[in-house]
Amino acid sequence: KKILNTGEDRGRIYDSVHRFQGVSDYCVKAVREARAVDVEMPDMECTHVLLNMYTSTEGLVWHRDIYENDGIGDFPIVNLCVGASCVFGFRHKDTDPIRTIRLRSGDILLFGGPCRLIDHSVLEVDLDDCPDWMETPCRFSYTFRHSPEVIGREDEFKYFRVKEHLVGQ
């Protein structure tokens, strides 16, 4: 069995947006459309992309995007889901009821402005709900970020093992 770089069932790439030309156009369009209906949504210039690959039904623990490579301020986080669907959970405070949404291939989720630090989780990945064109069932999560403070330092954030590095949440 092949082991991916963050564990057996999840792989990760964190790099400059320049390595993701074409797919980053979805980020620009999503932010533009969100700003047209929500005056509190800040504009952003995407500098980095985090690409996660999920090959099992296991999701990702509850967390907030508070780390240096996540960006600072209230600039939006834009997520593009490709492949298997997932159940995405979110809440503003730990004491709030958990809300969920199913993200399917092609869906974009955006949180920024007052919701930028929302607590969120991938509760489960549904490998049986994949586009027909996928030969191997998996989920790709493209997360676009405005993180100019880490330009040129991408190798520092190449690996992020949740069980080791997720602190204080």
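Each residue, glycine too, has its Cβ placed from N, Cα and C.
In TrEMBL, annotation is done automatically, which means it is predicted and not curated.
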Listed alongside HIS63, ASP65 for Fe cation in TrEMBL, from HIS120, HIS146, is HIS120
Looking at the binding-site residues HIS63, HIS120, the one with the fewest other Cβ atoms inside 10 Å is HIS63
Excluding HIS63, ASP65, HIS120 themselves, the Fe cation site's Cβ centre has within 8 Å the residues TRP62, ARG64, ILE66, ILE118, ASP119, SER121
Cβ-Cβ distance under 8 Å, sequence separation of 6 or more, same chain as ASP65 (Fe cation binding site); the residues meeting this, in order, are GLY71, ILE77, ARG116, LEU117, ARG145
Model confidence over the domain 'Alpha-ketoglutarate-dependent dioxygenase AlkB-like' (28-145), as mean pLDDT, sits at 94
